[in-house]
Amino acid sequence: MPLLEKDEALAMSDQKLSVNEYLKTDSNYLRGTIEEGLDTSLTGSFSEGDQQLIKFHGFYQQDDRDLRNERKEQKLEPLYSFMLRARVAGGVCTPKQWLGVDKIATNLTSSNSIRLTTRQTFQYHGIPKRNLKTLIQDLDKEALDSIAACGDVNRNVMCNPNPVESRLHQQAFYWAKKLSDNYLPRTKAYAEIWLGDDKVAVSEGDEVEPVYGKTYLPRKFKMAVAVPPDNDVDVYTNDLGFVAVAEAGELIGFNMVAGGGMGSTHGEVATFPRLGDDFGFIQAQDCLKFAEAVLKVQRDWGNRSDRKQSRLKYTIVKHGFEAFKAEVEKRAGIKFEPKRDVVIGDRGDRYGWIKGVDDQWHLTLFIEGGRIKDLPGQPLQTGLREIALVHKGDFRMTSNQNIIIAGVAEADKAQIEAIARSHGLMGKLISETRGHSIACVALPTCALAMAEAERYFPDFLTKVEALQEKHGFLDQGIVIRMTGCPNGCARPFAAEIGLVGKAPGRYNLYLGASFEGTRLNKLYRENIQEAEILSELDALFARYVSERETDETFGNFTVRVGVVKAVLDAARDFHG
Ligand code: SRM
Ligand code: SF4
């Protein structure tokens, strides 16, 4: 169906469309009344409708939840501020850009920090409304933006940041960047509102958004490019994933994966996390044709009435894998070839120095919880700034919320290392488990958090490490992840140990995912507190060390001995 017809049909016929669909249709391609909202100083907030639209421009309205009650008692409106998420395909930026990013954090945010995310980019928290325009303009000066970092569109495209095999990485990165650029919204709303570009009059019939149309996608959409054996991008948790297939070190194509996602709602069995299905092999040059076909099928088939059922994973479950695949092949005009054999390995980052094939050195720094801030005795933000002032290569953010100082010449290595050490960025022993851990932001900024994650997780991990030491396997990494709610921003349902917030201090404990991210976990204990979680893990670790098979991972062990059942089909098994 041509786009305009589709939009009109959507806007006029179906009374059950979700509110967001009307908002998008009426927004004049994402403009809404954002400009008017920016001009009013009576409130730190935007109107309800614009609060949804600003997401397409890369930011969320938030309030400090630690201060909510106090403000209420004082009869003040919540302390509104904004979180901005940048769009940085594959997580790569230059030292000059980093210096700009750092300066903005210091000058224009109250959090005075940079937060690396689980999708290889960075966020700012605590931006007052009055600073938004300046902040976006300052980002623009560094050739950075936040267009479509959030909203019902294709978001930041992840790509394995491994600079070691530089040629293969470059080829994979080329496609990640293409995927990111090709599916950016085409509306000029961002440039007009934030950068002061001349206003463009849109007439009925103008094809402003050739891929998305007026109503964009039914829901957020996420893509990732993995370079095996690394699966740091957790490719199966994405709506659409491309697993690089190489021959003699050259990229020849991808195994395409689609229908992954983590979000769910406690107690609602119609919602579930899911790992993507393998669709088959595609030639590298056909990557965009397939991506566009998938996007368009989701655009046209996705649920626009119930936002809890609107991700691609539900579209595939509803229509069935075969029907979905046939439609994608029809629209792409190409058939999938049989999936090629590739080995999916580790999801962690390789900390410390490593030498690449091009004789350049790369330094991966562990950033706990992704939070870059000057802490007592650990001036992390200053340290990275000092590195950026002398570094000649690039910075790469990882999907484990870490950062790689990539492309360091032998002669510059000692200087970079000295800065990293003197600023607490290096030198601390990181256990394998901590090195494989991630936690979402949660409190105090996330409006949806039910429990702590980023602020609590480091101490909790220390207790898990103590248990591993007690049972004599601290040298082994377990993929452990924590989120403050079941939306799954740290991909907890793909963790060997997943902790998902239920209420303050209470978590659901999930077990049984594979180490590599190829099998989901399953609920083991519900709504428990720290002491109970640790006592459960203590007992499980004791069994693990005495009953495990050679090289058996913790996740596989919990499934083999029947602690939890394997989740093979998420729709059927996750709650079953
Ligand atoms: Fe997320 C919503 C933070 C990765 C699934 N996510 C949010 C919001 C914006 C809360 C909100 O809607 O008000 C959080 C802002 C918190 C804050 O104060 O910063 C938030 N998500 C994050 C980040 C920053 C977590 C982190 O600690 O790094 C990650 C930013 C990624 C990025 O750079 O783009 C982040 N979110 C994810 C991931 C992981 C991934 O994509 O690999 C997921 C699971 C995968 C998926 O999408 O299914 C994820 N976030 C969600 C969902 C559930 C979506 C669903 O299908 O149900 C929500 C809620 C929603 O969309 O309604 C959400
Ligand atoms: Fe917020 Fe929940 Fe995402 Fe954590 S998982 S950042 S609590 S939405």
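Every residue, even glycine, has its Cβ placed from backbone N, Cα and C.
Residues or ranges marked as domain 'Nitrite/Sulfite reductase ferredoxin-like' by TrEMBL: 81-141 (among others). Across the domain 'Nitrite/Sulfite reductase ferredoxin-like' (81-141), the prediction's mean pLDDT works out to 97.
Taken from TrEMBL, the feature domain 'Nitrite/sulphite reductase 4Fe-4S' applies to 175-335.
Residues or ranges marked as domain 'Nitrite/Sulfite reductase ferredoxin-like' in TrEMBL: 358-420 (among others).
Among the features that TrEMBL reports, [4Fe-4S] cluster binding site is placed at CYS440, CYS446, CYS485, CYS489. All protein chains included, CYS485 ([4Fe-4S] cluster binding site) registers 23 other Cβ atoms within 10 Å of its own Cβ. In the three-state DSSP assignment, the secondary structure recorded for CYS485 ([4Fe-4S] cluster binding site) is coil.
Listed in sequence order, THR118, MET262, CYS440, VAL441, THR483 are the same-chain residues six or more apart from CYS489 ([4Fe-4S] cluster binding site) with CB atoms under 8 A from its CB. Feature annotation from TrEMBL assigns siroheme binding site to CYS489.
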Identify which of the following binding-site residues, namely CYS440, CYS446, CYS485, CYS489, place a Cβ less than 6 Å away from any atom of ligand 1, and list them by sequence position.
CYS440, CYS446, CYS489
Name, in the order they occur in the sequence, the residues of the same chain whose CB lies under 8 A from the CB of CYS446 ([4Fe-4S] cluster binding site) and which sit 6 or more residues away.
GLN62, ARG65, CYS440, GLY484, CYS485
Among all protein chains shown, how many Cβ atoms are found within 10 Å of the Cβ of CYS440 ([4Fe-4S] cluster binding site), not counting that one?
28
With a radius of 8 angstroms around the mean position of the C-beta atoms of CYS440, CYS446, CYS485, CYS489, what other residues of the same chain does the [4Fe-4S] cluster site pick up?
VAL441, ALA442, LEU448, ALA449, ALA453, THR483, GLY484, ASN487, GLY488, ALA490, GLY501
